[in-house]
Amino acid sequence: MPPKLKSKSGTTATGNKQTSTSKGKDSGSSGVSGAQSGSHSTVNCVCGSPIDSGHMVECESCSCWSHVQCIGLSPSCASTYPYICPFCVRLLVTNLSELRSEVAFLRNKIESIESSFSTTSTSSISSEIESINDQLRLLSSRVDSSPDTSQTQTNTSETPSRPVSNHTVNHDGSRRGNLVITGLPECPQGTTRVDRFLKDQETVASILSTVSPSVNSQSVKDLFRLGRYRPDQSRPILVKFFRSWDATVVLRNKSKLADSPNISIRPDLSPSQKTARSLLLRERRTLMTSGNNAGDIKIRGNKIFLRDSLYGEVNNNSFVRALAPGDSDTSNTTDSATVSSTLPPSRVSPPVTPSPPTVTPPSFQ
């Protein structure tokens with residue numbers, strides 16, 4: 001809006017209109033002199049004089065009056081264009097400079113935060129993705145190796161006795177820390193290998209916690225399914241423990257799964273051990289059918305004991321029954337057993353050879 005001017009006569013003019021400056025008569029006009037308003041702060045000129053004299057113009061920012069002559073404006077020019085006093089201009093310039101500095105500081109800070117966040121997030125995300133890819137490759141290799149492992153265990157035939165390497169001995173000994181769990185359902189066809197592994201891991205952990213609280217998922221070194229996938233049949237799971245003692249604890253407490261008759265836990269046996277165990281179990285059933293108490297029959301390794309006495313053992317994939325005291329080497333044997341024993345030598349007198357008859361020669365007299 002056009003500035004307000006005040007002449008020597010004490011009247012204010014807005015544009016070509018003059019308005020009375022009497023106090024209280026024109027509430028919409030702020031162009032009053034210090035003498036008329038009773039305040040000396042309304043005159044703030046560059047000359048420093050607070051005297052209300054001559055032509056004056058009002059600042060639109062602070063509403064203070066300045067002498068037109070001091071600021072170098074003609075009355076006509078001052079009444080045409082908006083007027084801001086030098087004091088307000090200096091304050092605005094200072095504020096603008098401070099705002100520019102703050103904006104520059106905030107801009108630099110935002111750029112620094114964005115740069116650090118972008119670098120940190122990119123590196124962390126890349127490392128996490130690489131770690132996940134490594135885990136997926138490890139799981140895929142484990143799942144891929146399960147059919148080959150089962151086929152090797154199934155097709156391996158028993159060879160004649162011969163010296164074996166330390167690697168074979170260690171491998172056979174490591175079976176003591178393995179268990180085979182059957183009866184656990186499989187994921188439907190089309191499920192990814194990683195999802196199958198995670199599901200089997202969760203199911204096995206639940207079974208182990210039910211059998212023994214001291215054995216959990218942290219005790220398991222590895223696990224995988226044996227055999228090829230069949231939609232109508234669930235494959236057994238081979239569970240490998242870090243410690244063989246954990247496998248022993250699970251076997252001792254597997255009776256706690258009585259509520260789940262479809263689930264079975266058994267030791268991981270080699271082909272020769274499976275054959276021996278099958279023969280021993282058959283003999284055990286035969287003894288129980290004959291009227292022997294099940295508590296009197298014990299199977300230890302490849303031997304079976306009846307009332308703490310050796311009843312027989314498996315040798316060369318066949319069951320050999322031990323000879324009871326008093327049995328002879330001509331005693332009858334059952335179809336499933338071969339009696340072998342060594343008898344002490346009998347004390348028999350050697351045959352007596354008859355001496356030839358004595359012939360007395362005739363005597364001549």
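Any Cβ shown, glycine's included, is placed from N, Cα and C.
Keep in mind that TrEMBL annotations are predicted by a computer and have not been checked by a curator.
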Give the range, chosen from 61-88, 89-116, that TrEMBL lists as coiled coil. 89-116
Tally of DSSP helical, extended and coil residues in the domain 'Zinc finger PHD-type' (44-89): 12 helix, 6 strand, 28 coil
